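**Student:** I have a structure I would like to understand better, so I am pasting it below and will then ask my questions one at a time.
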């Protein structure tokens with residue numbers, strides 16, 4: 001298809017390759033794993049703002065919302081049972097992602113993607129048919145297992161299959177699918193909440209089967225990555241044939257040599273979770289923990305999970321809340337994520353992190369200031385201030401959608417050497433889901449107690465993480481995934497740690 005490219009590597013070697021139809025189609029299918037994650041994010045917030053759903057499963061929340069006029073605007077939705085419904089998925093996903101590491105390493109990326117799609121399919125059926133809170137939450141747990149496996153394996157699959165020069169764009173396809181999933185879910189919520197009889201929420205929950213079916217059926221036809229073939233067997237010829245098919249050229253020896261070298265090291269590692277805590281992997285471990293943590297404390301949960309709840313808080317109607325949520329978190333997010341696909345491999349990861357962080361910080365401070373000045377515990381906004389907040393939320397969402405949204409998945413998936421890659425990605429997913437759980441479980445209580453100050457709380461974190469990225473994250477664009485280790489050896493801070501760690505390793509091997 002497109003013109004070939006050459007990636008310079010150590011010793012003057014190069015990687016040959018073209019942008020092939022085979023790799024594009026494979027990555028499109030794998031990226032649909034983002035649909036299930038995005039769909040759930042969008043569905044959760046919309047369904048929990050539907051009055052028939054609240055009346056059936058959370059009557060106390062419904063009563064406070066409809067009857068008790070003495071409760072603060074910020075506290076009407078403060079229910080631990082309601083947040084358990086939302087956040088049970090994420091604690092299940094956390095546990096599942098750790099098991100997914102072993103599956104991904106031993107059976108391949110494709111196997112984990114299949115498990116993820118199947119579990120999410122079962123969870124959607126149970127959620128749509130739920131007649132009590134126990135069925136509802138168990139369905140959420142199955143959805144969490146699906147997300148844990150898919151989020152662990154899909155970003156790895158995309159980063160390993162993609163040509164180094166275009167790895168950012170391919171990997172961000174996952175986040176584009178997340179955004180499309182959010183948009184689809186919110187538009188569906190907007191339609192189902194109008195259904196007479198109050199059963200529209202069942203359609204919203206059951207329709208999670210649609211993206212799950214796409215992923216599960218598509219995964220049956222996915223090829224395994226050359227990296228995984230090398231890691232799981234000694235069949236170098238099979239890996240070479242797959243690499244030739246993926247890159248669209250017979251001359252893949254330089255890349256194959258790097259894969260064989262990485263695979264040889266990987267086969268000596270029996271306990272990757274133990275290995276990853278060694279000093280020479282310290283930079284990757286730090287990033288595996290901090291990047292997903294930072295992604296969750298950007299404040300995106302204020303918008304994504306509870307956008308309809310937030311809009312109800314500022315006195316918009318149920319119908320308007322759902323529509324605004326669809327437009328803001330779905331439409332704006334999708335367009336901005338596509339922008340990130342275009343820019344990540346051109347401008348680099350750090351530029352997008354920094355510009356997006358500043359944009360989010362400014363909009364959060366402005367939203368918090370307006371809400372603090374204009375929205376008291378009772379009463380509401382004038383329509384002018386309400387729509388000004390909607391504009392600022394769009395500005396915030398745009399900043400997140402081209403920076404921390406996609407790059408929070410891209411950067412961790414490309415920095416780990418093969419021997420610890422599945423473990424590192426599992427840690428990334430587990431940390432992300434842990435803090436998603438904690439934020440989801442505590443957000444409504446925080447909204448009740450912090451009130452408008454919640455935007456300043458998250459804004460403070462955005463300022464800190466933007467500073468951290470500027471000083472401690474090296475640029476990863478265009479570098480082959482099996483050569484990422486040299487970035488840390490050349491970094492002003494990490495080279496002191498990595499250098500000593502490598503020397504210690506060599507001494508231990510000599511002994």
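Don't overthink the numbers, they just go from 1 along the chain as shown.
Even glycines carry a Cβ here, placed using N, Cα and C.
TrEMBL annotations: computationally assigned, not manually curated.
Not my notes, these are from TrEMBL:
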- 26-477: domain 'Major facilitator superfamily (MFS) profile' (DOMAIN)
- 21-39: transmembrane segment (TRANSMEM)
- 81-100: transmembrane segment (TRANSMEM)
- 112-131: transmembrane segment (TRANSMEM)
- 137-158: transmembrane segment (TRANSMEM)
- 170-188: transmembrane segment (TRANSMEM)
- 200-222: transmembrane segment (TRANSMEM)
- 285-309: transmembrane segment (TRANSMEM)
- 321-344: transmembrane segment (TRANSMEM)
- 351-373: transmembrane segment (TRANSMEM)
- 385-405: transmembrane segment (TRANSMEM)
- 426-447: transmembrane segment (TRANSMEM)
- 453-473: transmembrane segment (TRANSMEM)
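On this model, are these features tucked inside or out on the surface, and what's nearby?
**Tutor:** Residues 1, 109, 113, 116-117, 120, 143, 146-147, 150-151, 153-154, 157-158, 161-163, 170, 173-185, 207-208, 211-212, 214-215, 218-219, 221-223, 245-248 of the same chain lie 6+ residues outside the transmembrane segment (21-39) yet bring a C-beta within less than 8 angstroms of a C-beta in it.
Residues of the same chain lying 6 or more positions beyond the ends of the transmembrane segment (137-158) and with a Cβ under 8 Å from any Cβ of it are 27, 30-31, 33-34, 36-37, 40, 84-86, 88-97, 99-101, 103-104, 109-110, 112-113, 115-127, 130, 167, 170-171, 173-174, 205, 208, 212, 215, 222, 225, 409-410, 412-413, 421-422, 425-426, 429, 432-433.
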**Student:** Before we move on, state whether the transmembrane segment (351-373) and the transmembrane segment (385-405) share at least 3 Cβ pairs under 8 Å, counting only pairs 6 or more apart in sequence.
**Tutor:** yes
**Student:** On average, what pLDDT score does this prediction assign to the domain 'Major facilitator superfamily (MFS) profile' (26-477)?
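**Tutor:** Value for the domain 'Major facilitator superfamily (MFS) profile' (26-477), mean pLDDT as a whole number: 85.
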**Student:** Do any residues of this chain, six or more beyond the ends of the transmembrane segment (112-131), have a C-beta under 8 angstroms from a C-beta of it, and if so which?
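**Tutor:** For the transmembrane segment (112-131), the sequence-distant neighbours (Cβ-Cβ under 8 Å, at least 6 residues beyond its ends) are 30, 33, 36, 96, 100, 103-104, 138-154, 157, 202-203, 205-209, 211-213, 215-216, 219-220, 222.
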